[in-house]
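Q: Please find one structure pasted underneath; my questions will follow.
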Amino acid sequence: MNKARPHFFNHAKPTVPPPHSTTAATTTTIINRLSSEGAHCHALLTYTSMLRTHTPPDRYTFPSLLKACASLKLLSHGISLHQHAIASGFSSDQYTGSSLINFYGKFGNTCHARKVFDRLPDRNVVSWTAIIGCYSRADDVYAAFCLYNRMRNEGVQPSGVTMIALLYGVSNVALLQCLHASVIHYGFLPAVAVMNSMLNVYSKLGRIEDASGLFESMDVKDIVSWNSLVGGFAVTGYIGMIVQLLYRMRVVGVEPDQQTFGSLVSAAARQSNLEMGKLVHGQILTAGIDLDVQIKTSLIVMYFKCGNVDYAFQIFERAADKDVVLWTAMISGLVQNERATKALALFHSMLTLQVIPSTATFASALAACAQLGSFNLGASIHGHLLRQRVSVDIPTHNSLVTLYAKCGHLEQSSAIFNMMQERDVVSWNAIIAGHAQAGHLCEALCLFNQMRKTFQRPDFITAVSLLQMCACTGALHQGKWIHNFIVRNCLEPCLMINTALVDMYSKCGDLHTATKCFDRMPQHDLVSWSTIIAGYGYHGKGETALEMYMKFLRTGLEPNHVIFLSILSACSHNGFVDKGMSLFHSMGKDFGIVPNLEHCACVVDLLCRASRVKEAYSFYKRMFPEPMVDVLGILLDASRKSGDKELGDILAKDILMLKPADSGNYVQLVHSYASMARWDSAGEAWIQMRSLGLRKLPGWSSIELNGTISTFFMDHSSHSQYEDIRLILISLVKESRNLGKIFKPEAVARLMRVEEILKVLITLADVVTKAVFKRPNSRGECCNEFPETMWYFLLGKVGMFTECLLYDIDRKAQRLSHGVCKKSVNFITQVPRASLFIKKSLPRGEHKLQGKLFTRSDYELFTLDFGTAEITQWHRLWGRYVVSKN
């Protein structure tokens with residue numbers, strides 16, 4: 001076709017013989033015949049012979065030629081034909097004018113089409129239908145209906161084709177019902193084509209009951225009618241009704257075609273119903289239907305959505321006619337099933353075979369790079385797009401944003417996002433998730449606000465990303481704000497959002513609200529159950545975690561690896577050794593689950609916490625085929641605490657042989673050797689660590705302040721507010737010592753003294769607000785080795801008369817009571833902010849605190865909220881009284 005283009009409308013020798021007769025009627029007949037046979041290129045070449053022989057066209061010449069230009073997407077040649085029609089005097093002809101309107105409408109040029117229509121002196125139903133169809137295909141339904149009403153007002157009665165043209169752009173049930181009434185009014189009910197179009201629109205709009213009623217009312221049904229209703233049931237997911245329709249089709253003698261089975265395959269894919277998909281695949285083969293590329297692509301997509309990668313590969317490898325859509329479906333499906341390596345290998349094979357990728361193919365390949373964290377490969381694909389000047393669409397831009405964000409190059413990710421002219425909800429989700437993963441809480445929330453200002457409605461993925469970010473950073477206030485947004489914008493009920501809420505509240509220390517969110521969920525899956533079990537576990541409520549596990553088993557769901565990891569972790573943190581071992585053995589015995597290394601490491605930790613170190617080491621030697629430095633570190637710490645020098649020496653040698661890349665492992669070795677007074681070995685460990693280029697990280701803590709995480713290092717004074725913090729700490733220490741002289745730890749504090757304590761704490765809140773305390777894993781180091789920042793003073797000094805919970809980065813908590821770190825307590829809970837819990841026994845009745853009256857019971861809980869510098873008092877009925885700062 002490309003070789004023939006230069007010969008159009010010039011006097012070069014045509015590639016087909018010229019007509020024997022030079023009359024217009026004969027030549028036009030040949031052009032019409034070639035156009036009806038689909039030989040559009042030859043039809044245009046025949047017209048060039050007319051020009052060469054100076055044969056004049058007639059009113060029937062240009063419609064077929066314009067149809068050929070539209071089919072071959074030759075806009076410029078169609079415009080030339082329009083000029084020839086004007087020169088020949090046929091542009092005002094109704095037949096030629098209607099063809100010009102259809103031609104411009106096919107290219108979406110409604111402006112030119114409307115000019116042609118307005119210049120027609122006489123308009124019949126064909127020209128009216130052409131301009132209505134032009135606007136309908138351009139999704140300008142309002143203009144299409146205005147022209148329809150204008151046509152009726154001018155006394156032109158619509159035809160069935162007019163109704164079909166209007167139905168093409170209808171996306172509103174009210175308009176569809178109006179057209180349905182017009183169809184009845186003008187007597188088009190016997191017209192099968194009109195009824196099929198209306199049936200198809202009802203199905204697409206989800207009005208499956210109306211579609212079924214219309215289908216049953218049809219006296220004549222063809223294969224299109226059946227396929228329209230099958231497609232409607234496929235969209236709504238009624239696979240059972242589709243099977244019934246297939247049976248009825250065979251009863252009345254209508255054989256299903258490729259479109260029928262394609263709809264059924266799509267329905268099976270939507271529901272991830274592998275058994276139904278296999279059944280449909282078998283029916284296709286039994287019926288002897290040729291598997292074209294479209295059916296093969298649908299089957300591949302279905303198998304991928306059902307998680308059966310092998311079947312999808314078999315269909316792909318047997319396909320002889322692989323087009324770019326089939327390649328893209330394979331690459332995308334492999335990425336969705338976390339087979340990114342195979343997806344990239346397939347992408348390389350596609351390029352080797354010189355199959356030109358589409359933008360969807362590039363987007364899938366970039367998603368595979370993001371899944372693998374392969375920055376170099378993803379950047380090379382991006383460079384290929386730039387070098388080839390490929391027009392990048394929104395999904396490809398979204399894949400680029402995700403790629404650079406997941407590879408830690410947030411600046412490049414933001415640059416691509418800012419360059420995008422158009423953004424959809426996926427674009428916003430990608431950049432928000434990127435900032436969330438990088439710990440940039442403030443920036444992520446700012447982007448979320450910008451998203452709302454652009455009137456882009458956040459979806460459940462947006463909410464889940466923000467909630468996960470709040471869970472990781474311990475930002476309870478922001479998490480509550482997002483929860484409020486979810487409720488106000490009716491994003492619930494959603495299983496993923498509800499599970500993310502449970503996770504956020506439990507990780508932020510509010511286990512009560514997490515439990516309420518879990519109880520309000522209409523349904524629970526494995527993820528939600530594992531989340532709440534894990535929450536109870538690391539909050540020190542091991543018995544409740546076990547009760548939830550038993551409740552989970554009573555639901556009839558089968559536990560998976562994650563459920564067992566959660567309950568084993570709960571047993572480990574709460575000292576339930578026998579129960580934990582029993583659950584570990586039940587994995588394979590009762591449920592046929594083979595324990596992986598994470599479960600075995602959990603058992604090692606469980607036994608070490610119970611001081612059963614030799615049993616833990618025996619378990620390690622039996623269950624771990626290869627040495628694992630992290631598990632050896634657990635055993636080394638346990639042997640050092642139990643005083644087993646012989647085992648400690650063996651473990652230290654094993655760790656040294658592995659040459660770990662983490663400096664923390666060498667610090668453990670040094671402490672172990674020091675406990676055995678083996679100073680030479682300790683020095684050798686230091687030397688080996690330095691020879692590998694490793695350095696011991698200093699102790700550090702961090703706080704979340706207005707969405708920004710600030711880090712404090714031991715013996716460093718680089719913080720911008722260091723002097724202010726130091727002065728406040730000096731004042732706090734003096735106040736604490738004065739109060740310590742007045743009260744004894746076991747004495748019952750009076751109300752005035754509680755006021756004084758809280759005033760001191762509010763003074764601290766003036767310097768640092770919205771604080772989240774975190775510390776790294778101390779690797780066996782005692783609590784008093786933390787960096788001497790304000791939080792150490794706060795917890796160490798104020799801890800004389802309060803109970804404080806210390807939240808560390810390993811999701812554990814240590815309780816400070818009377819200034820002593822009780823490490824024997826199995827880490828009770830976690831606190832998402834630097835809050836102090838002050839329990840004091842005060843008389844019942846009304847009391848006055850900073851001018852506010854409130855009622856206390858025997859034990860009340862005061863929480864200092866650094867986010868608002870307010871004191872919050874919780875009743876037993878969870879009524880909330882806020883005492884504002886004076």
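Positions of Cβ are set from backbone N, Cα and C atoms, glycine also.
Marked as compositional bias 'Basic residues' by TrEMBL: 1-10. Annotation source TrEMBL lists region 'Disordered' at 1-22. Residues or ranges marked as repeat 'PPR' in TrEMBL: 124-158, 222-256, 323-357, 393-423, 424-458, 525-559. Annotation comment: TrEMBL describes 160-177, 183-202, 223-247 as transmembrane segment.
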Q: What are the helix, strand and coil residue counts for the repeat 'PPR' (393-423) according to DSSP?
A: 23 helix, 0 strand, 8 coil
Q: What counts of helix, strand and coil residues does DSSP assign across the repeat 'PPR' (424-458)?
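A: Secondary-structure breakdown of the repeat 'PPR' (424-458): 26 helix, 0 strand, 9 coil.
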Q: Which residues, given as numbers and ranges, are at least 6 beyond the ends of the transmembrane segment (223-247) yet have a Cβ under 8 Å from it?
A: 192, 195-196, 199-200, 202-204, 206, 208, 211-212, 215, 254, 256-257, 259-260, 263-264, 266-268, 270-271, 273, 276, 283
Q: Across the repeat 'PPR' (525-559), what does the pLDDT come to on average, as a whole number?
A: 89
Q: Residue list, the transmembrane segment (183-202) vs rest of chain: Cβ under 8 Å, 6 or more residues beyond ends.
A: 157-158, 160, 163-164, 167-168, 170, 176, 208, 210-211, 214-215, 217-222, 224-225, 228-229, 231-232
Q: For the repeat 'PPR' (393-423), find every same-chain residue at least 6 residues outside the stretch whose CB is under 8 Å from a CB in it, and list them.
A: 359-360, 362-364, 366-367, 369-371, 373-375, 378, 382, 385, 430-431, 433-435, 437-438, 440, 454, 456
Q: Counting by DSSP secondary structure, give me helix, strand and coil numbers for the repeat 'PPR' (323-357).
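A: Within the repeat 'PPR' (323-357) the tally stands at 26 helix, 0 strand, 9 coil.
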